[in-house]
Amino acid sequence: MKWLVILGLVALSDCLVMIPLTKVKSVRESLREKGLLKNFLKEHPYNMIQNLLSKNSSHVQKFSYQPLRNYLDMVYVGNISIGTPPQQFSVVFDTGSSDLWVPSIYCKSKACVTHRSFNPSHSSTFHDRGKSIKLEYGSGKMSGFLGQDTVRIGQLTSTGQAFGLSKEETGKAFEHAIFDGILGLAYPSIAIKGTTTVIDNLKKQDQISEPVFAFYLSSDKEEGSVVMFGGVDKKYYKGDLKWVPLTQTSYWQIALDRITCRGRVIGCPRGCQAIVDTGTSMLHGPSKAVAKIHSLIKHFEKEYVVPCNARKALPDIVFTINNVDYPVPAQAYIRKYVVPCNARKALPDIVFTINNVDYPVPAQAYIRKNANNNRCYSTFEDIMDTLNQREIWILGDVFLRLYFTVYDEGQNRIGLAQAT
């Protein structure tokens, strides 16, 4: 088997390290099973894109603010260790943020009690950086302090690595999450000031030949997914990698040419932006564009689906019981983006065109079945439109399960190829 370094396609034998990822139940699924999702969404309205675009306003004085893009659907986790001797943690390898953080033993919040926590006094290599940090999320907050220690990711070792330790975590999303913390893989420009990102530290310490990493997200229920550092393994994709230049070096953001269905443009008609994000499960887009997609789904499968923006105009349905009226409003009887499961076979591909290359997403991918109630849901979700009206999409795991993705920080580009 030949390992390839992205920049020069030079054969490697020792430089590529692969970390297995496990697909676990998302926070959204956990909340839905417990009947908590509806109230949670009411209590925590979230503007994903506005948080993404406000990154530069987050670093104020000695605090660092970093938004988490999708607070319910982080489902692929891997293991790392911190300290000497190593303390183990399960983290999300997240291309939408740049910092590493885990809970600390000083955190007594409910979210921390249910997760593993780092004990600085048990590590001979720990150093307190003497800086407070505060991470703001759509679903809550994490506050703590900055430390540094030895971080091990598989066979890779990052010494003197800066990371956050939480002292307080609020929000049900943290309480119900399977993961302990987050390992950010975005650019240094959105990291805590004065710190070096994990990927840059690995390169600086010659642990990897190039600042390159790649994701293969398996469609299997649990095992088979990997994140690889320093190169790629060709067995995880078919054909050649198609390279896409970044439009900015903060998040992994690229230009999206258009979105089509059976040759008809249904989104991004004049070109727009897309963020490729392993920390997001769904396909997120502007509300009008997503409504158009769901209208098309309704047209093709002919029944049951109602555009969400129609709920405001629909009347109450009234049940009269023992001469007493019990109205049920449309907000209750129209669930969000429910699709008959048998419609998946009839629905067409939705095609994302990136850098003049078509990337089809079939209905089997964008219509997901919930194992608990056998209902199917569209994985297209709308986000609040931003003040500047820029059309931005988030290509999450629905897209990344179909396409093997390489993140090349050295040349500021993303490589895409059909996953095996």
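Note that Cβ sites are derived from N, Cα and C of the backbone, with glycine treated the same way.
Residues or ranges marked as signal peptide in Swiss-Prot (evidence: sequence analysis): 1-15.
Taken from Swiss-Prot, the feature N-linked glycosylation site covers Asn56 (among others).
What Swiss-Prot lists as domain 'Peptidase A1' is 76-417, and the listing cites sequence analysis.
In the three-state DSSP scheme, Asn79 (N-linked glycosylation site) is classed as strand. Residues within less than 8 Å, Cβ to Cβ, of Asn79 (N-linked glycosylation site) and separated from it by at least 6 positions along the same chain comprise Ile19, Gln88, Phe89, Ser90, Val91. Here Swiss-Prot flags Asn79 (among others) as N-linked glycosylation site.
Under DSSP, Asp94 (active site) is assigned to a strand (E or B) in the three-state scheme. Taken from Swiss-Prot, the feature active site covers Asp94 (among others).
Counted within 10 Å of its Cβ, the other Cβ atoms near Cys112 (disulfide bond) come to 24, all protein chains included. Residues or ranges marked as disulfide bond in Swiss-Prot: Cys107-Cys112 (among others).
Annotation note: Cys268 (disulfide bond) sits in a coil segment as assigned by DSSP. Other Cβ atoms within 10 Å of the Cβ of Cys268 (disulfide bond), summed over all protein chains shown, number 23. Residues or ranges marked as disulfide bond by Swiss-Prot on the basis of similarity to another entry: Cys268-Cys272 (among others).
In the three-state DSSP classification, Asp277 (active site) falls within coil. Feature annotation from Swiss-Prot assigns active site to Asp277 (among others); the stated evidence is sequence analysis.
The feature disulfide bond is assigned by Swiss-Prot to Cys341-Cys376 (among others), with similarity to another entry given as support. Cβ contacts within 10 Å of Cys376 (disulfide bond), excluding its own Cβ and spanning all protein chains shown: 19. In this structure, Cys376 (disulfide bond) is part of a beta strand by DSSP.
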Cys268 (disulfide bond) and Cys376 (disulfide bond), distance between Cα atoms, whole Å | 26
Whole-number Å distance separating the Cα atoms of Cys112 (disulfide bond) and Asp277 (active site) is 25
Argmin Cα dist to Cys268 (disulfide bond) over the recorded positions Asp94, Cys107, Asp277, Cys341 returns Asp277
If you draw a 10 Å sphere on the Cβ of Cys341 (disulfide bond), how many other Cβ atoms land inside?
-> 15
Work through the disulfide-bonded residues one by one (Cys107, Cys272) and point out the residue whose CB has the fewest other CB atoms within 10 angstroms.
-> Cys272
Looking at the recorded positions Asp94, Cys272, Asp277, Cys341, whose Cα is closest in space to that of Cys107 (disulfide bond)?
-> Asp94
